[in-house]
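Participant: Here's the feature list from Swiss-Prot:
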type: MOD_RES; residues: Thr603; note: phosphothreonine
type: MOD_RES; residues: Thr782; note: phosphothreonine
type: REGION; residues: 44-76; note: region 'Disordered'
type: REGION; residues: 509-516; note: region 'PI(4,5)P2-binding region'
type: REGION; residues: 515-545; note: region 'Interaction with CHP2'
type: REGION; residues: 552-560; note: region 'PI(4,5)P2-binding region'
type: REGION; residues: 741-818; note: region 'Disordered'
type: TRANSMEM; residues: 99-121; note: transmembrane segment
type: TRANSMEM; residues: 131-148; note: transmembrane segment
type: TRANSMEM; residues: 187-215; note: transmembrane segment
type: TRANSMEM; residues: 223-249; note: transmembrane segment
type: TRANSMEM; residues: 253-283; note: transmembrane segment
type: TRANSMEM; residues: 288-322; note: transmembrane segment
type: TRANSMEM; residues: 329-341; note: transmembrane segment
type: TRANSMEM; residues: 351-371; note: transmembrane segment
type: TRANSMEM; residues: 374-404; note: transmembrane segment
type: TRANSMEM; residues: 411-438; note: transmembrane segment
type: TRANSMEM; residues: 445-469; note: transmembrane segment
type: TRANSMEM; residues: 476-505; note: transmembrane segment
Amino acid sequence: MLLWPGASGLPPPRIFPSLLVVVALVGLLPVLRSYGLQISPTASTIRGSEPPRERSIGDVTTAPPELAPESRPVNHSFAEHSPKARKAFPVLGIDYQHVRIPFEIALWILLACLMKIGFHVIPTISSIVPESCLLIVVGLLVGGLIKGVGETPPILQSEVFFLFLLPPIILDAGYFLPLRQFTENLGTILIFAVVGTLWNAFFLGGLMYAVCLVGGEQINNIGLLENLLFGSIISAVDPVAVLAVFEEIHINELLHILVFGESLLNDAVTVVLYHLFEEFANYDRVGIVDIILGFLSFFVVSLGGVFVGVVYGVIAAFTSRFTSHIRVIEPLFVFLYSYMAYLSAELFHLSGIMALIASGVVMRPYVEANISHKSHTTIKYFLKMWSSVSETLIFIFLGVSTVAGSHHWNWTFVISTLLFCLIARVLGVLGLTWFINKFRIVKLTPKDQFIIAYGGLRGAIAFSLGYLLDKKHFPMCDLFLTAIITVIFFTVFVQGMTIRPLVDLLAVKKKQETKRSINEEIHTQFLDHLLTGIEDICGHYGHHHWKDKLNRFNKKYVKKCLIAGERSKEPQLIAFYHKMEMKQAIELVESGGMGKIPSAVSTVSMQNIHPKSLPAERILPALSKDKEEEIRKILRNNLQKTRQRLRSYNRHTLVADPYEEAWNQMLLRRQKARQLEQKISNYLTVPAHKLDSPTMSRARIGSDPLAYEPKADLPVITIDPASPQSPESVDLVNEELKGKVLGLSRDPGRLAEEEEDDKDPDGGLTMRTKEPSSPGTDDVFTPAPSDSPSSQRIQRCLSDPGPHPEPGEGEPFIPKGQ
């Protein structure tokens with residue numbers, strides 16, 4: 001087995017992409033020589049039957065024996081034993097015509113896959129040039145090579161494009177459509193898709209008609225309806241080109257869904273305008289009734305396509321109820337019903353793209369609830385593979401068809417088309433955004449408007465519609481096709497290659513590479529429920545209200561019909577958590593892992609016993625991506641989504657806790673004691689009060705109703721906060737302790753009475769003013785002699801500010817016990 005050095009970390013050789021191209025082109029040699037293989041002239045044919053196949057051995061070609069005419073008698077026994085009638089047994093033969101069609105299809109798909117591998121091997125090229133541009137270049141080279149050997153290159157037929165290549169891309173986009181971003185911005189998307197496409201078609205068609213009038217003899221015979229038809233073809237944004245470019249630059253979700261949603265939903269407008277102007281071009285006179293019918297056909301085409309898609313989506317979801325015993329065919333129903341929806345819409349000239357999107361969006365939640373996880377993985381990767389191959393073939397065939405098609409070049413018409421396309425796109429985006437921002441909460445910034453206008457790429461849909469034009473009714477279809485190809489190449493090459501550096505230059509927000517956590521998903525749903533309740537209270541019925549209505553209807557009626565078994569009841573999160581724990585415990589018992597778990601059920605004890613265990617040695621292995629995705633899916637489906645009237649509680653219905661008050665008082669005393677010890681240890685006390693000023697009456701917490709109401713028998717103290725002498729806080733030092741420290745003489749009996757009176761019934765600390773002992777005399781403290789050592793020490797302590805105060809030391813003390 002050959003080993004490639006790139007697998008061990010070494011860069012791949014530069015010649016590797018060239019070798020892939022050479023291998024693909026060598027494989028095309030049978031296709032190039034297919035027209036040169038002819039039947040041997042010696043081979044005879046039987047009338048009304050298939051001609052006999054020629055056989056070859058080495059370089060010698062032999063033909064089947066010539067049959068005798070019917071009128072001539074033949075001796076069968078002689079013919080059987082005659083040595084001239086027998087030929088050597090053919091060991092090897094060549095019959096390319098027998099396998100030509102499937103061989104060429106497989107060869108083109110192989111070429112597309114090899115090209116994708118070759119482009120991504122060299123990161124410098126893939127980081128500068130988009131993949132779509134490189135595929136078109138490969139198509140041009142292959143087309144030129146086929147034409148250089150004298151053969152006719154294949155052309156991208158419109159039937160092949162619309163019936164086989166386009167549906168996988170649209171189904172992949174519709175089935176995995178980010179529904180939340182799409183529904184939240186649906187109004188903006190519809191305005192850009194409908195009004196913007198109409199503006200581009202009529203603006204471009206009118207200006208091109210004016211150019212044709214003054215452009216010269218070659219184009220002055222193109223009428224107004226022909227120019228309007230051309231404008232409707234070239235005005236639509238192509239979803240294939242948008243996907244190919246925007247997936248590589250990783251633009252943020254808002255801009256991506258606006259541009260991509262516009263490219264999906266403008267299909268109805270494009271189909272209606274295309275058929276309308278194509279029919280009007282054959283009329284001698286167009287009346288008002290025809291215009292009204294054409295206007296009504298827009299609603300029929302768009303809404304009819306949505307209806308067809310919804311019907312097939314419901315049928316697919318209902319069918320998936322009965323596939324629990326046959327899991328193998330589950331992915332097949334998704335592909336078949338979606339494709340049938342597209343074909344049914346095209347059968348009635350409805351919008352097939354709208355039908356595919358509607359069917360994918362409708363069937364996905366119910367189908368995924370019924371099918372297994374392996375079937376979901378199969379659907380996901382098969383759709384991604386199918387759409388990627390189709391996209392690659394489209395761009396390659398676009399380059400090949402450019403070489404093979406017939407063109408008619410006119411500088412005036414082509415340059416005017418390119419210039420007016422850019423002007424119409426810019427003016428349309430600016431005008432519509434100015435109107436949309438009046439109603440949006442999150443406004444579209446000028447940077448967003450520039451990216452939306454710059455991301456209007458054209459692609460293979462416009463080419464296929466232009467190729468469908470009949471030369472008998474539209475003699476200038478070659479000129480139209482040349483102008484369409486020019487616009488496609490300009491938007492894909494110039495705009496597609498420069499949009500990445502422009503996004504980096506403008507610092508446009510990009511898409512988050514990491515997936516949202518389960519915590520974020522839970523809080524997102526919580527905010528949705530909260531906004532729904534706010535809308536109900538305000539009486540404003542926004543999209544949250546209608547979304548909740550649809551969810552309730554879906555849970556009550558639709559899920560019971562389309563989802564099988566108990567999965568339609570959507571159990572509560574706690575019940576599901578118990579089921580998950582039970583399942584995990586059963587797995588541990590079966591695997592024999594319970595022997596490693598200690599007998600204690602506490603998680604903390606497990607952490608203490610195995611504090612340094614490596615992640616690989618843990619009992620429970622890490623979750624895989626599939627397991628994590630399954631948990632996300634189950635949580636997303638089982639979270640509470642309904643707005644039920646729960647039991648409301650207030651302070652009158654709550655049961656009182658008998659230990660709550662005692663616990664709060666204990667916390668209050670503990671905090672007061674801690675505050676007292678902190679002040680004494682740091683010598684941080686307020687300056688001594690003047691002897692002629694009474695102290696505060698009480699010190700209580702803020703919740704006490706008597707905190708700021710002095711008693712009647714106590715003097716009222718008025719404190720001016722602006723005065724520098726007003727204390728900022730009340731010292732909570734015990735009066736007895738303070739008196740002992742200062743050496744003050746107090747009457748012991750009097751002091752005991754005051755202590756008895758100062759006791760607060762609720763356990764708080766109370767401070768009272770000193771009442772006079774006799775009328776006319778102020779009972780004040782008698783200080784000790786100033787020359788005593790204790791007095792000198794306390795004066796130094798009071799005058800010295802001490803160490804730096806801690807944070808919050810000078811602020812009033814408010815307990816936090818409550």
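The backbone N, Cα and C atoms fix where each Cβ goes, glycine too.
Could you place the listed features in the three-dimensional structure?
Facilitator: Mapped onto DSSP helix, strand and coil, the region 'PI(4,5)P2-binding region' (552-560) counts 9 helix, 0 strand, 0 coil.
Long-range Cβ contacts of the transmembrane segment (288-322) within its own chain (Cβ-Cβ under 8 Å, at least 6 residues beyond either end) map to 268-269, 271-272, 275-276, 280, 330, 333-334, 337-338, 340-341, 344-345, 348-363, 366-367, 370-371, 561-564.
Packing against the transmembrane segment (329-341) from elsewhere in the chain are residues 167, 171, 175, 308-309, 311-313, 315-316, 319-320, 323, 355-356, 358-360, 363, 367, 370-372, 375, 378-379, 382: each is 6 or more residues past its ends and has a CB under 8 Å from a CB in it.
With a threshold of 8 Å between CB atoms, the same-chain residues lying at least 6 positions outside the transmembrane segment (374-404) that come near it are 108-109, 111-113, 115-116, 132, 135-144, 146-147, 152-156, 161, 164-166, 168-169, 171-173, 175-176, 240, 243-244, 327, 330-331, 334-335, 368, 459-460, 463, 467, 485, 488, 626.
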Participant: Does the transmembrane segment (411-438) reach the transmembrane segment (131-148), going by 3 or more CB pairs under 8 Å (6 or more apart in sequence)?
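Facilitator: No, the stretches stay apart by this measure.
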Participant: With contact taken as 3 or more Cβ pairs under 8 angstroms (pairs 6 or more apart in sequence), are the transmembrane segment (253-283) and the transmembrane segment (476-505) in contact?
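Facilitator: Contact between the transmembrane segment (476-505) and the transmembrane segment (253-283): absent, because fewer than 3 Cβ pairs are under 8 Å.
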Participant: Thinking of Cβ pairs under 8 Å, which stretch from 187-215, 351-371, 445-469, 476-505 has the most of them with the transmembrane segment (131-148)?
Facilitator: 476-505
Participant: At a threshold of under 8 Å on Cβ distances, which of 187-215, 351-371, 476-505 pairs most often with the transmembrane segment (445-469)?
Facilitator: 476-505
Participant: With DSSP helix as H/G/I and strand as E/B, how many residues of the region 'Interaction with CHP2' (515-545) fall in helix, strand and coil?
Facilitator: 24 helix, 0 strand, 7 coil
